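The structure appears below as structure tokens.
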Amino acid sequence: MVDDSLPDAVSKPTAASLENGPKYYLADQSEAGYTEDVVSLPISPIIKRSPDITKSWGTKSEQLLRIDDHDFTMRPGFGGPAVPVGVDVQVESLDAISEVDMDFTMTLYLRHYWKDERLSFRSNNNQSMTFDGRLVKKIWVPDMFFVHSKKSFTHDTTTDNVMLRVYPDGKVLYSLRVTVTAMCSMDLSRFPLDTQTCSLEIESYAYTDDDLMLYWKEGNRSLNTDERISLSQFLIQEFHTTTKLAFYSSTGWYNRLYINFTLRRHIFFFLLQTYFPATLMVMLSWVSFWIDRRAVPARVPLGITTVLTMSTIITGVNASMPRVSYIKAVDIYLWVSFVFVFLSVIEYAAVNYLSTLQERKERKLRERLPCTCGLAHPGMMSASYSEVDANTTGHYGMPKENGVKRERMLVQLAMETDQVTGHVGSSAYSNVWIDTHVIDKYSRFIFPGSYILFNVIYWSIYS
């Protein structure tokens, strides 16, 4: 039962109360009854707009696109010609390039364009609808993948970086942000003076060229790059696109899109870390040619130090490189430098050996001299030898003999009266020519000249 004695919550306005505009009556209940308060509001004109069902809250996107009415597991126009799918790419960054792993890492925006009439809808303003990744799972999208990729993922912070835009005529734009690590076969025969060309390859996994025609939407202009892209070791020379057909014996022909980029390595880092130290070690090994051959504690450690330093440089360079079966340009330079350092040590070994042979000849020569016959009988004959070193007597200025400068060692024999023959003491002089410094003198010019010639040939070939 409804109690008619109770007043309504809101009283209805009378005709007299509407003379000066609409008035709203608010009821205030009390024990004695209720009082009426009147609130007057201004009237504003109402502008009517034609309703757009694409912006209507009451219409679900699935209902508008009639997703439940079609089987989106099949491609558009199944049984007919191939579906054309245009692609364009915006390269955001080129993150890393590894010579050891033979790969590169790239972050890009990958966009697909195609037409699916099953997604067409009515729109009075011809406006498109934009969705996130949740709708992508309910419709057909091209099954693209990166050929020769090692690792790839779609970014999901703070949400999945996926966008789907549908136009009233059924055209679709599908965009996603991807980071991919792909293989790059590098030829390091000219390392570090090399230029590398890598490719990122895009292809449909399931649909052959009979079902899906993959193409660059605007040719070479379909590839855009960020101007801020830079690498520490490489200079990016060129980005360009190509299209080819890939054949698989089991499945058939597929359209494949290529993103090609050419990189030239910066040489300055390797000049400071590899080439300059190796050159300085070779030059340091030449210092031993100006050190006295008898200074063994000076020349031997110098040669060993330069050899060990060159070995360390070679080991450090190879540790950061892949174990390839061919010779790289840096290997040629380092190993030739190592040979020069090693030959400087061998040169001193040759000088020391020849000096030892010469000393043996001197001793045999002294034994053949007549003055040596009475050395075992004191009082019969006394002989005094004075070997004057070339460093103190200044015999470097002597004329050449047989085209070679030789040191002169003066042997003076002072003989006293021979008690057997009764002859008066006399003096005899003998000149002996020694070739102890010839190798050092020639090495001072041959080693630097040969190394300079090698550098001229090396840089003219690999520059």
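Backbone N, Cα and C define each Cβ position, glycine as well.
Note that TrEMBL annotation is computational and uncurated.
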In TrEMBL, of the candidate ranges 74-92, 93-111, 302-320, the one given as transmembrane segment runs 302-320
Between the transmembrane segment (267-290) and the stretches 302-320, 332-354, 445-462, the largest tally of CB pairs under 8 Å belongs to 332-354
Sequence-distant contacts of the transmembrane segment (302-320), meaning Cβ under 8 Å and at least 6 residues beyond its ends, amount to 99-100, 274, 277-278, 281-282, 284-285, 287-288, 291, 330-331, 334-335, 337-338, 341-342, 344-345, 348
Confidence over the domain 'Neurotransmitter-gated ion-channel ligand-binding' (67-266), expressed as mean pLDDT on the 0 to 100 scale, is 92
Helix, strand and coil residue totals from DSSP for the domain 'Neurotransmitter-gated ion-channel transmembrane' (274-386) stand at 84 helix, 0 strand, 29 coil
